[in-house]
Amino acid sequence: MLKLLLLTLPLLSSLVHAAPSLAMPREGIVGGQEASGNKWPWQVSLRVNDTYWMHFCGGSLIHPQWVLTAAHCVGPNKADPNKLRVQLRKQYLYYHDHLLTVSQIISHPDFYIAQDGADIALLKLTNPVNITSNVHTVSLPPASETFPSGTLCWVTGWGNINNDVSLPPPFPLEEVQVPIVENRLCDLKYHKGLNTGDNVHIVRDDMLCAGNEGHDSCQGDSGGPLVCKVEDTWLQAGVVSWGEGCAQPNRPGIYTRVTYYLDWIYRYVPKYF
């Protein structure tokens, strides 16, 4: 996974010197454990062909024919749907793959880099998938859902298990429970150790923070889902986007806030199916 090369211009000078890893997309799970085989049936693996169909990002099945992911996963170098494949929920990467083709990639038009927000994209599968007990969609939240600070949610993926420590074979799906961190508090945390003025918002309104020291997403599953259980229903609160390091003090993981983009999502994805 490539590093994001640019930072938001007002933050550039302070962040490059104080936190050189801030531009890393989020790609895996730290402080978690292997997920049991019947959990997270909406989790998908995005693949790109590099001598083999290699996992590079995560995503979530939100409709039998649509996958939600991060825009930075499908930037200009991966914009051709013919060069992508989707693997539905499986316990171990690369074991008996059944890869699905993609007919359309739709990145949010406001996306430039993850730190500027709008880090969200949709993939339309060539054919709808069969919904089963092992593979089914995750519900999107109502626009009124705020996911208050302290709410315990889960993030899943196949990425690194610590800074620069890859997930070892057989590459099981990992999960970790993370608390929601209120945006203003998260923004204050990200200002610690930086010379950036308090009037410069690092954490934008379209973002959501979750995680604490030792429990976080990391560097293989950007685009994956952050889900929270609300009244016995799993709702996708966020899309794994970016952060500084993995599970570092005062640096929660930053996610795209799904409720902020519901109107945009439903412009393409049928709400009822």
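Note that Cβ sites are derived from N, Cα and C of the backbone, with glycine treated the same way.
Features of the protein shown, as given by Swiss-Prot:
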- 1-18: signal peptide (SIGNAL)
- 29-270: domain 'Peptidase S1' (DOMAIN)
- Asn49: N-linked glycosylation site (CARBOHYD)
- Cys57-Cys73: disulfide bond (DISULFID)
- His72: active site, charge relay system (ACT_SITE)
- Asp119: active site, charge relay system (ACT_SITE)
- Cys153-Cys228: disulfide bond (DISULFID)
- Cys186-Cys209: disulfide bond (DISULFID)
- Cys218-Cys246: disulfide bond (DISULFID)
- Ser222: active site, charge relay system (ACT_SITE)
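Take the disulfide-bonded residues Cys209, Cys246: by the count of other Cβ atoms within 10 Å of each Cβ, the lowest one is Cys209. For the disulfide-bonded residues given as Cys73, Cys153, Cys186, Cys218, Cys228, the lowest number of other CB atoms within 10 Å of the residue's CB is seen at Cys228. Reduced to three states, the DSSP call for Asn49 (N-linked glycosylation site) is strand. Considering only the recorded positions Cys186, Cys218, Ser222, Cys246, Cys73 (disulfide bond) has Ser222 as its nearest partner by CA-CA distance.
Looking just at the domain 'Peptidase S1' (29-270), the mean pLDDT is 91. A straight line from the CA of Ser222 (active site, charge relay system) to the CA of Cys57 (disulfide bond) spans 5 Å. Cα of Cys218 (disulfide bond) to Cα of the residue listed as 'N-linked glycosylation site': a span of 23 Å.
The two recorded residues, Cys209 (disulfide bond) and Cys153 (disulfide bond), show a Cα separation of 11 Å. In this view, Asn49 (N-linked glycosylation site) is surrounded by 12 other Cβ atoms within 10 Å of its Cβ, with every protein chain counted. Note: the CA-CA distance between Asn49 (N-linked glycosylation site) and Cys153 (disulfide bond) rounds to 32 Å.
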